[in-house]
Protein chains: 2
Amino acid sequence: MNDKNAAIGVFDSGVGGLTVAREIIRQLPEESITYFGDTARVPYGSKSKDTIIRYSRQIIRFLKTKNVKAIVVACNTASAFALDTIEKEIDIPIIGVVKPGAKSAVESTKNKRIGIIGTEGTIKSELYTQYIHSIDPEITVVGKACPLFVPLVEEGMLHDSVTDEVASRYLESMKEENIDSLILGCTHYPLLRSTVGKIMGPEVNLVNPAYETAISLDGLLRQNGIRADKDAKPEYEFYVSDAEEKFKEFANSIMPLHIEKINQINIEEY
Amino acid sequence: MNDKNAAIGVFDSGVGGLTVAREIIRQLPEESITYFGDTARVPYGSKSKDTIIRYSRQIIRFLKTKNVKAIVVACNTASAFALDTIEKEIDIPIIGVVKPGAKSAVESTKNKRIGIIGTEGTIKSELYTQYIHSIDPEITVVGKACPLFVPLVEEGMLHDSVTDEVASRYLESMKEENIDSLILGCTHYPLLRSTVGKIMGPEVNLVNPAYETAISLDGLLRQNGIRADKDAKPEYEFYVSDAEEKFKEFANSIMPLHIEKINQINIEEY
């Protein structure tokens, strides 16, 4: 039996998953979080399914040494490629960002035309499409990979004419598809929300799966009777697989708390 | 004693080192090559020294199972971070791209002002500067990291207005430095030669370390008495740590030979 005041393990290929951790902190402020960012092997988006499954298994083995009570796969690529496999191998509740994101998009579309942008891996997996169709097979789903978005975000070019131009090109075909709902299918992309919103226009609803993931997580924890006590004092721990400085700087620029200590580990040992 | 007709092991974080392999094939056509691209863990440029040393050791252990007679570190970041350490641990000749590139730039500068562009890791290491100063301490070296160049090349945007704009910004400060020689200090960058050349102008000599590395390799092999026979029939083998399809496509677009077979291995086992 898991301790209900134990931390939730949250992992991503790097810093992107912090947008999910941020949403969990906002919605479930009494929950503790143990975050792992695989900064030594980032990015996941262009890597193969087998590699992503192997990496996810190592990370889960690591998070379990920290006695987490549940796991959030805060990476769309890992959710798309590895969740089906690893949820069969694990004895604690686990949730990804794809299902909640897909559900939210289905609820928001009126004309039954949904767009999804993400990494090459996420788009090629077509997992968002599969989930959306399992809820409503009549919905048309249009996907587009945007491989330069992650490096542009990591360069801090959130409001920049180059990013505008790259986004315009990536989204050009999407604009012609008459979608009314667009899933930001990579955890870095909420940081480009204003750029994407400007191009797509106010009639297109932008879906951030992080928001819906935190809601689903709440339900999953309650269902398993492991929601933290209302007066629990949350603790946040951060681990990375590469040097901590760069992660720290980025994390402190987007998180609602000041992060002092980041721990570097060798993930290949797990 | 090594077999002189054994292959030369060449490694890089991914596809970039193919520009070095290409130059070795051109200059030393009788030499066999066993290439390893660490496509599961690319890019190296933003990772720390310790991580790059660990990765380089694994790759060398792998290449030695293939009985290579010598090793070329065809990656500027690994040359900058790991070569000093690993050359003490190895019993076959090893060469990086930094020293030959630095030497070539020193020979080409007339006004003793050299520029160097590369990944964050290469520029921060200041290893090019150290080598240049060990030859001529009076030379001024100006470095600039260009983190978006690798993703732009991997997106195939070699001749593109976005790449032009990004390059213009990265090189703006460099243009004011009155350099007459610019080292393309990342193995991806020779693929952006025309973009960089257009911005820097014809008065700036662009140094491609791959060219000088192949010359130095020739000398190193002769010195060790392990240059392949003139009539040797060269063999080329390619290994990667992630799925082979993408690597294959890129490799065949820039290499002077058709590559049919690419082998995927799990580098973490070495």
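The backbone N, Cα and C atoms fix where each Cβ goes, glycine too.
Bear in mind that the values here come from a model prediction, so they are computed numbers and not experimental data.
Now, the feature entries from TrEMBL:
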type: ACT_SITE; residues: B:C75; note: active site, proton donor/acceptor
type: ACT_SITE; residues: B:C186; note: active site, proton donor/acceptor
type: BINDING; residues: B:D12, B:S13, B:Y44, B:G45, B:N76, B:T77, B:T187, B:H188; note: substrate binding site
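Around the Cβ of B:T187 (substrate binding site), 30 further Cβ atoms fall within 10 Å across all displayed protein chains. Across the fold, the C-alpha of B:D12 (substrate binding site) and the C-alpha of B:C186 (active site, proton donor/acceptor) stand 10 Å from each other.
Counting every protein chain shown, the Cβ of B:S13 (substrate binding site) has 30 other Cβ atoms within 10 Å. Most buried of the active-site residues B:C75, B:C186, judged by other Cβ atoms within 10 Å, is B:C75. DSSP assigns B:D12 (substrate binding site) to a strand segment in the three-state reduction.
The Cβ neighbour count for B:G45 (substrate binding site), using a 10 Å radius and every protein chain shown, is 25.
Cα separation, B:S13 (substrate binding site) to B:C75 (active site, proton donor/acceptor), rounded: 7 Å. Under DSSP, B:T187 (substrate binding site) is assigned to coil, being neither helix nor strand in the three-state scheme. Shown in sequence order, B:V97, B:V98, B:G101, B:G118, B:T119, B:T122, B:G185, B:C186, B:T187, B:P209 are the residues of the chain, 6+ apart in sequence, with a C-beta less than 8 angstroms from the C-beta of B:N76 (substrate binding site). In this structure, B:Y44 (substrate binding site) belongs to neither helix nor strand by DSSP; it is coil. The most densely surrounded of the binding-site residues B:D12, B:T77 is B:T77 (count of other Cβ atoms within 10 A of its Cβ).
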